[in-house]
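Q: The structure under discussion is supplied below as structure tokens; questions concerning it will follow.
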Amino acid sequence: MNISIISIGKLKEKYLKQGIAEYLKRLSSYAKVEVIELPDEKAPENLSEAEMLIVKEKEGVRILDKISDDTHVIALAIEGKQKSSEQFAESLDCLATYGKSKIAFVIGGSLGLSTEVMKRSNESLSFSKMTLPHQLMRLVLLEQIYRAFRINRGEPYHK
């Protein structure tokens, strides 16, 4: 299985980089996982609705450029479906069973994802109704992917 995490914005925090590196190392025996960082669109502090839409659209074009036609796309969005770790593990297992070898998780910037990215997504996933920093979501997502592989293989970890 090839998993891509496509994310807007450059990760600056050392502690997040270390956590991400650790989970990428752990995941290497289960799947090929890559994190693709795309530049965020520079924008002033107080944007109008129209300006926010333009920023999301520009970031969306960058995201869509990284997704091939045969990729199953899962958008991380606050309005997405919430799943338990076991349900998430089951859904990853089902994707593999049905021959979906390329999966891309998409994490938008601080303004979220464009309409076009949401249309391209096969499903939408939410980790919480709370707003979380998009940089932190990379680490949380990698941990949950790792947990899912451990659950699916019946290996200890997730309790």
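A Cβ is built for glycine as well, from the same backbone N, Cα and C atoms used for every other residue.
From a predicted model like this one, the values you see are computed outputs, not experimental measurements.
Pulled from Swiss-Prot, these are the listed features:
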type: BINDING; residues: LEU76, GLY108, PHE127, SER128, LYS129, MET130, THR131, LEU132; note: S-adenosyl-L-methionine binding site
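Give me the structural setting of these features: burial, nearby parts and distances.
A: Under the DSSP three-state reduction, GLY108 (S-adenosyl-L-methionine binding site) is assigned to coil, being neither helix nor strand. For GLY108 (S-adenosyl-L-methionine binding site), applying a Cβ distance below 8 Å and a minimum sequence separation of six or more within one chain yields ILE8, LYS56, GLU59, ILE63, ALA75, LEU76, ALA77, SER114, VAL117, HIS134.
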Q: Does DSSP give LEU76 (S-adenosyl-L-methionine binding site) helix, strand or coil?
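A: It is in a strand.
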